[in-house]
Structures are given as structure tokens and as C-alpha cells.
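Chemist: I'd like to ask some things about the structure below.
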Amino acid sequence: MAENGKNCDQRRIAMSKDQHNGSLTDPSSVHEKKRRDREERQNIVLWRQPLITLQYFSLETLVVLKEWTSKLWHRQSIVVSFLLLLAALVATYYVEGAHQQYVQRIEKQFLLYAYWIGLGILSSVGLGTGLHTFLLYLGPHIASVTLAAYECNSVNFPEPPYPDQIICPEEEGAEGAISLWSIISKVRIEACMWGIGTAIGELPPYFMARAARLSGAEPDDEEYQEFEEMLEHAEAAQDFASRAKLAVQKLVQKVGFFGILACASIPNPLFDLAGITCGHFLVPFWTFFGATLIGKAIIKMHIQKIFVIVTFSKHIVEQMVTFIGAVPGIGPSLQKPFQEYLEAQRQKLHHRSEAGTPQGENWLSWMFEKLVVAMVCYFVLSIINSMAQNYAKRIQQRLNSEEKTK
């Protein structure tokens, strides 16, 4: 493994020497070398170079731990204050007394908020490929509440076990008592907390670009470097992706708060560029974060909630199952597992999971569980690849700086 890493380093040194003797000062040569370095880093993935990837991942982990240890060491007063606060909270949590009823209530709400905020941060913070937690967690939760609300004619699910498990209340509501607004209100906390998490996850690109602009230093971030290149070659942009990025940049720069609000409210993959743009042009923090928070946690979240609730409303689901059954040839065989799944969910809601249909696992549930596991595993693999590529970039930058000093 060490020999593979050494050979990889030697290839980089050879490439650097080939481009030395003044050629690196030429802008086209610099751009070409950056492209080659980027392509070389992109090849450092587990399925192509597993040993080097794991080695670089381990070394990058040690570097990051060392950096954070150094930062915490230079902020000893903050660390000590945090530890004292934590000790006081632990003592309050474990000491018996009349306050325990409030402690339990606060603990329940804190864990609920932390869970959904954490999932929101994972969705947008930019670790690896990003974990699509709306599709994996929040969307299915809203769909489950919607199906249960129409089946029970109520959203007053017993707590506990809600939200871990949904069962119908003893006194079910009248037929037609469920409205779109009642379901929206039921899942408002979870959805808003998830939206707040996604807004928090958009802060790193903003802070990175702002710090780079104030210090005048070039940050160690490819997205920011691409952003600067895009600004330099704005007139020559021809492809759709470049023109879309420029449109987002101009909207945010010229319109300000409402431009950021519009970008945050509409689902789009280019919002990271809005954060970089705001940081680069020194947009005030509360202007950026306020617009992002309102857009993601309120406007965008309600759009997504309404879409899921309407899609999984009772009559729409029944029409979808009927439509599947109408497919020539394979319709009935495809329709059966959907009907079995819906029937099993109804029995669970009415406390009848032990009777009626057999409890063999439905293949729809099995497929979704395996999909969740696969996406989480891919997310972890992407983090390993990303950290390994970060370490490779450190090596390339060190070699480039050594070449410049020769």
C-alpha cells in the first residue's frame, strides 16, 4: 500500500517536472494542469484504487482530527464552558425530583428536533454525494401520516407510540373529516425542522467564499474556483448549465434578499452557487440566512408537503392501484403486492396486525428497506472517496508549491 502511494506521488512529481521551466506561468498551461490534477483525483475511488483510497482517507482523517484538536486547544475557555454546561445538564437529567416531568418533555422535543434538523443538514451540507433524506425519511413519513389520516379519519394518533409508530385512536373521526390543512399541520414540526437543517447546511459555501473575499486568499475549494472562472468567462458561456449558473448569480447579486428567497424556495441543484455568490459579494449574513431559512423551511417545505400529501391522498392512491391493475398482461401480478401492502398498513393502524393476512414481508417494503440501506452505504462510500481526494489535493498543492520555489 505504501509503494502504491509512493508510485502515485512519483507520477505527480514527473508530471510537475514535465510542465516546469516557465510553462506553468502560461494561463493555458495552468488551466490544463488543474484539469489533469482534477482528473487524477477523480480516479481515486474505492472501486478503482481501493488501497490508495483507504490510505488517503485514513491520512485525511488524521489531518482533520489534528486541525480540530488545534482549534479546540486555542479555544480552551469555550471548551471548558461547554463541558461545565454539559455536566450541569447531565446532573439535572439524572437527579430525581419534581423537575423530571419537565426534563422528559424537553428531552422528547429536543430529540425530535435534533433528529429532523440533523437529517436536513445531511441532505445539504455537501458531505460526499449528500444524503437524500427527504426521499428516504421525511417524504415517507409524510406519506405514512397521510395514508393513516384518511384511514383513521383523524390525525390525533396516540403518543406514544407516535411518531415512531402510527396507530388509529380509539375514537375515530367522521368520514370526510380529514382536510389537506389538518395533515399539513400534523407534519409541520418535522417538515420545518428538516427545512431549518437544510438552511444550516447551506452556510459552509457562504462562509468559505466570504472569508476568501475578505482575506484575498484563494480557498482550497473547487466550486469556488469554478465560480471565479465562470465570472472571468461570463461572456463566453454557451452551454445551458453555464448560462443557468450565471442567471442564478445575477439574480442573487441584483435582486438581493428576494433573489435569494426565490432560489431557496424553488427546488434546484444550483443553490450552492447562491451561497458562494452571497459570500463573494459580501452579502450580510442575516440577509442570506434569513432569506434561505424562510425559503427552505417555510415556502419550499410547504410546496413539498402539499405535493406528497396530494400524491398519497386516499382517492389518488386507489386510482393508482387501479391503473396498475389495468396494465395489459402484467397488471394483476403488479397490482397484488400493492393491495397487500395497503391492506397490511390498514390492519396495523387498527391494531389487527396479528390477525387476518399472514405476516410475510411484502416485497415493496423489502425493496424500500434495501434501497435505504444501499443509498446510506453509497453516501458513506462517497464520503470516503471525497476525503481521500481531499488528501490527494493536499499532495498536489504541496508538489506545486515545491515546483514554484525551484
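Each Cβ is built from the backbone N, Cα and C atoms, and glycine gets one as well.
So Swiss-Prot has the following annotated:
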- 1-20: compositional bias 'Basic and acidic residues' (COMPBIAS)
- 1-37: region 'Disordered' (REGION)
- Ala2: N-acetylalanine (MOD_RES)
- 2-77: topological domain 'Cytoplasmic' (TOPO_DOM)
- 78-98: transmembrane segment (TRANSMEM)
- 99-109: topological domain 'Extracellular' (TOPO_DOM)
- 110-130: transmembrane segment (TRANSMEM)
- 131-250: topological domain 'Cytoplasmic' (TOPO_DOM)
- 173-316: region 'VTT domain' (REGION)
- 251-271: transmembrane segment (TRANSMEM)
- 274-294: transmembrane segment (TRANSMEM)
- 295-305: topological domain 'Cytoplasmic' (TOPO_DOM)
- 306-326: transmembrane segment (TRANSMEM)
- 327-363: topological domain 'Extracellular' (TOPO_DOM)
- 364-384: transmembrane segment (TRANSMEM)
- 385-406: topological domain 'Cytoplasmic' (TOPO_DOM)
Chemist: Counting by DSSP secondary structure, give me helix, strand and coil numbers for the topological domain 'Cytoplasmic' (295-305).
Modeler: 11 helix, 0 strand, 0 coil
Chemist: Apart from its near flanks, which chain residues at least 6 from the ends of the topological domain 'Extracellular' (99-109) lie with a Cβ under 8 angstroms of it?
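Modeler: Answer is 92-93.
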Chemist: Determine which residues of the chain contact the transmembrane segment (78-98) at the Cβ level, with the cut-off under 8 Å and only residues 6 or more beyond its ends counted.
Modeler: 72, 107
Chemist: May I ask for the residues of the chain that lie six or more residues beyond the topological domain 'Cytoplasmic' (295-305) and have a Cβ under 8 Å from a Cβ within it?
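Modeler: Residues packing against the topological domain 'Cytoplasmic' (295-305) from afar: 134, 139, 142, 184, 187, 191-192, 194-196, 198-199, 202, 260-267.
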Chemist: Would you mind giving the whole-number mean pLDDT across the topological domain 'Cytoplasmic' (2-77)?
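Modeler: Mean pLDDT for the topological domain 'Cytoplasmic' (2-77): 73.
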